[in-house]
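Worksheet for the structure shown next.
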């Protein structure tokens with residue numbers, strides 16, 4: 001039976017899953033037709049006169065409001081977790097980055113960053129919902145999707161495409177030589193690099209979780225061991241049955257179940 005703490009955590013994750021999935025669908029719908037969505041060279045083209053449409057403006061406001069709310073939620077009613085300080089710093093930087101990119105007209109790269117982040121968070125919150133619902137296999141599957149998406153989007157695409165585009169040599173249109181533009185540019189890049197440091201920190205934690213799951217599969221393994229114990233108990237209860245079958249069926253049956261357990265641990 002689920003405890004009250006699990007119900008509270010599950011409801012929190014379900015709310016976040018609904019939000020992240022909705023926002024990710026909206027931002028992809030709004031940005032996919034834009035040329036800068038697929039071309040990193042277009043991120044800064046036309047700056048600071050880049051136009052911000054109403055749908056993207058509403059999305060910006062919604063995202064800024066959500067992460068501001070998340071800061072308050074962490075401080076008040078949300079369940080306090082081990083990475084509280086890191087999550088708080090992450091949310092603060094995200095709010096600053098959203099507000100800063102809005103004020104300084106860095107809309108395009110800001111939209112891409114939001115899309116990258118929410119995609120991974122969808123899988124993470126789905127994994128949490130299944131975990132708190134005690135659906136271990138589904139939780140492991142979505143956690144695997146989360147880990148892969150984190151690696152591809154936040155540790156490969158984000159530094160080697162997004163940050164690289166903001167640190168490239170062809171930034172003449174940014175007028176970096178000018179004092180005001182130079183300050184705006186370096187502040188943006190500093191926040192992007194700080195965000196990447198958080199990504200690396202959480203990736204270390206993700207790898208540690210993956211190692212623990214592979215080492216001790218948890219409830220799936222416990223269920224299989226319980227089945228093995230039950231079969232052994234039933235089959236060996238009667239001496240007559242034991243004397244007739246112990247040298248034939250039972251060892252093979254137990255061996256097959258142990259092989260199945262090992263296969264599931266490796267597979268999942």
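A Cβ is built for glycine as well, from the same backbone N, Cα and C atoms used for every other residue.
Since the structure is predicted, the reported quantities are computational estimates derived from the model, not experimental observations.
For 10-215, the entry in TrEMBL reads domain 'TLC'.
Feature annotation from TrEMBL assigns transmembrane segment to 58-77 (among others).
Through the fold, the transmembrane segment (89-116) approaches residues 23-24, 27-28, 30-31, 34, 36-37, 42-44, 47-50, 52, 56, 59-60, 63-64, 67-68, 70-71, 74, 153-154, 157-158, 162, 165-166, 184, 187-188, 191-192, 194-195, 198 of its own chain, all at least 6 residues removed from its boundaries and within a Cβ separation under 8 Å. Per TrEMBL, the feature transmembrane segment maps to 89-116 (among others).
The feature transmembrane segment is assigned by TrEMBL to 137-163 (among others). Away from its own ends, the transmembrane segment (137-163) comes close to residues 40, 43, 109, 112-113, 116-117, 119-120, 123-124, 126-128, 130-131, 189, 192-193, 195-196, 199-200, 202-203, 206, 209-210, 213, 220, 268 of its chain (Cβ-Cβ under 8 Å, at least six residues beyond either end).
Annotation comment: TrEMBL describes 183-210 (among others) as transmembrane segment.
Look at TrEMBL and you will find 245-265 (among others) tagged as transmembrane segment.
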Positions on the same chain near the transmembrane segment (183-210), where near means CB under 8 A and six or more residues out: 83, 86, 89-90, 93-94, 96-97, 100-101, 104, 106, 109, 113, 143, 146-147, 150-151, 154-155, 158-159, 162-163, 166-167, 171, 174, 176
Stretch-averaged pLDDT - the domain 'TLC' (10-215): 86
